[in-house]
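So that you can see what the record holds, here are the features copied from TrEMBL:
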type	residues	note
BINDING	Gly232, Ala233, Ala234, Gly235, Ser236, Gly237, Lys238, Thr239	ATP binding site
DOMAIN	211-618	domain 'UvrD-like helicase ATP-binding'
Amino acid sequence: MSTDQQWSEEQQRVNVVTEQIDRKIDILEKEVGSFRDEVVGMRKDFWDEVTMNFSEADDVGETSTSMRQQSQVLSDRERSHLNTAAALDKMKRLHHSPYFGRIDFKENGYPNAERIYLGIASLLDEKEESFLVYDWRAPISNLYYDGAPGPVTYHTPSGEISGDIEMKRQFVIRDGRIRFMFDTGVTIGDELLQAVLSRTSDAQMKSIVATIQKEQNRIIRNDRTRMLIVQGAAGSGKTSAALQRVAYLLYKYREHLQADQMVLFSPNPMFNSYVSTVLPELGEENMLQTTFQEYLERRLGREYQLEDPFIQLEYVLTGTEDLEYEARMSGIRFKSSESFLKVITRYKDSMMSEGMKFKPVRFQGRAVVTAEAMAEKFYSFEPSVKLVNRLEILRDWMLKELSAFGKGELEAPWVDQQMDLMEPEDLQRAYQRLKRKQKGKADTFDDFQQEREILARMVVSDRLKPLRKWIKSLRFVDVRQLYAHLFNDRAQMVRLLGEEALPSHWEEIGEMTLRRLRVQELAYEDITPYLYLRELLLGFHINSNIRHVIIDEAQDYSAFQLAFMKRLFPRSKITALGDFNQAIYAHSSVLSGTGPLTNLYGPENTEVIELTRSYRSTQEIVEFTRGMVPGGEEIVPFNRGGEKPKVIVSSNEQEHLDVITADLKHLIQEGYESVAVICKTAEESKDIHEALSKVLPATPKLIKKTTLAFERGVHVIPAYLAKGVEFDAVLIYDGSASQYAQEHERKLFYTACTRAMHLLHIYCMGKPSPFITSQSEELYDMGKVSAAQAD
């Protein structure tokens, strides 16, 4: 059969499928309208349909039953409306592109092969007897991603099915027309990937179901292991695969797993926006999305000023001249380690015999319960009584002490003063209380003594209410002093460390920690350890509803933080995505490999998948950037050609800015839709943004840590905020040796350069970074700014 004839036949099928989709859309639109009208009417007439009678106890019960029944009917209709609307949305997406793949599969024992077409959702024929399109997540669809022509087997809920793939075909269909069509033996053909990867970047990440590679499919369909670790090179598609994995799990376990039982921990708020359209594009609700810093702020932000990881990183990059720099680095490494986690756990255990610290309960400057009395009570229990039980007993005792104190305050002068200031509604409340007390007696309010007693109790109760709440929440445990004591008692720390040595600069580490605590501040490296200590003492806040956690940029989490997250989500599986070549934070050095991640659940419950092929950047960019990092030779570029990276050296700041401005204007004219000027720090980004805003035709966008949305256009951005996103063109503002020469700057420079899809320019004020010059000169084009360029 000729190619033209095949194309014609496939287009005819697209037409037939599109017509069926149109019919389905018409039906669903009518159903959505009908359900909507019904729901609106039911809400309007809700109380008319409820039998209302409160005169007798039986009638009250009948009324309550009637309300529950009517509410259930309304809830069912609303659910039907939402489900039908979701089905309609899927059909509209299918109308744009009905399917992207076809396999001809001949099952063993059957004479003919079945043509199986794959799309983002299933579609039945008009009689609803056979599939016109299979959902990409269906068991048989796995053949398309993993199988090559020849004998294959796939798994279904009812068992294994074997047969032969006779053909595999890939499509790009847009608005009902076939744009590309390829036959291939290995998923996915380079022709289709070339077509997809050559496009410009978008303001939001897109679904990759049409181009899922075999190694990515292993990530998506892995539902066996408790911990799945994906170590992937920059641009290898690990985040995209993880999001398709979420869609797959929601499809396969749709009876038991909901989107709000899955959570994605992103590197920054902007990244949440960047990936927010992927799941809706696949017809699924978005899962919960947050950052670890947002979680910490919710837990401790009211009590302390919390440093965020970006401020810490800015210090690491710019604070090298600070006299306390080496001590801070030592402290970050220690406080991020598993060793420190063990220290705090032992510290908590040691409090069973000594060292527990309490805050006194005070009212109007007077002691209600002293810290000494609490300690005496706490250590009066038998050694077998657990710490949590001691605190509960202590809490109940303190509440009784507070009640006794309150009774003694009823005649105090301050109570009379407060009664004189009471509002009329408070007096009315006291009157109603007295009426209930005197039920069956005189109905007049003439007993002054009773009136005063009730009002006094109300005043005292209201004033002591915050203290009762404070005691009930165990706030009398002085966690701040307990954490501080770890750093002002050297002998104690030596005991808690056991055979391990104190970190270098220990005294300075302690001084810095205590200095911040005194002004209610916590450095980023202190936040998780402090919270862990508090939770050990006061009880852990866990989330048992979450069943799956996705940790993106997992290399940026310390061993301490990862252990804390495991405890936070006790019933959850975890998918951890990372690239240790992009471990840019000071505590990341603790994660020398996948060890701490594997240790969370043990090797028997952990699987590691490595992605070494990079799809984001051109072959020239990948071959250049992989030489910057250890083991980079294992990174395999996709065969998509482009320009070599350019390194441009200027002699002064004005010349430097002029050539960057000229290049930006040229790129805008050439139609590059997203261009990033990547700087080293936030301060540098701010200065460059201000300078470029004066010379470019349109003001570039300054990306800050608070930026919530990612848009097209020219961006000025610190390197650490560019993680996870990509741009058509990347301009490294200053890649000179004065900016990127230290070993701890290597991975930041690599991260910045690997954001480029099609074009990478590195501008240097002076000598280029050794991370550039240590590579073969054949991998990049070197140039200097001429007078003409500067003009």
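Residue positions begin at 1 at the first shown residue.
Glycine too: its Cβ is placed from the backbone N, Cα and C atoms.
Any TrEMBL annotation is an automated prediction that lacks curation.
Quantities reported herein were computed from a predicted structural model and do not represent experimental measurements.
Comparing Cβ neighbour counts within 10 Å across the binding-site residues Ser236, Thr239, the minimum falls on Thr239.
Long-range neighbours of Ala233 (ATP binding site) (same chain, six or more residues apart, CB within less than 8 Å of its CB): Asp579, Asn581, Leu611, Thr612, Arg613, Ser614, Arg626, Ile635. The local packing around Gly235 (ATP binding site), expressed as other Cβ atoms within 10 Å of its Cβ over all shown chains, amounts to 25.
Mean pLDDT of the predicted structure over the domain 'UvrD-like helicase ATP-binding' (211-618): 90. Residue density at Gly232 (ATP binding site): 26 other Cβ atoms are found within 10 A of its Cβ, drawing on all protein chains shown.
Taken residue by residue with DSSP, Lys238 (ATP binding site) is part of a helix. Sequence-distant neighbours of Ala234 (ATP binding site) (same chain, six or more apart, CB under 8 Å from its CB) are Asp579, Asn581, Gln582, Ser614, Arg616, Ser617, Thr625, Tyr750, Thr751, Thr754, listed in sequence order.
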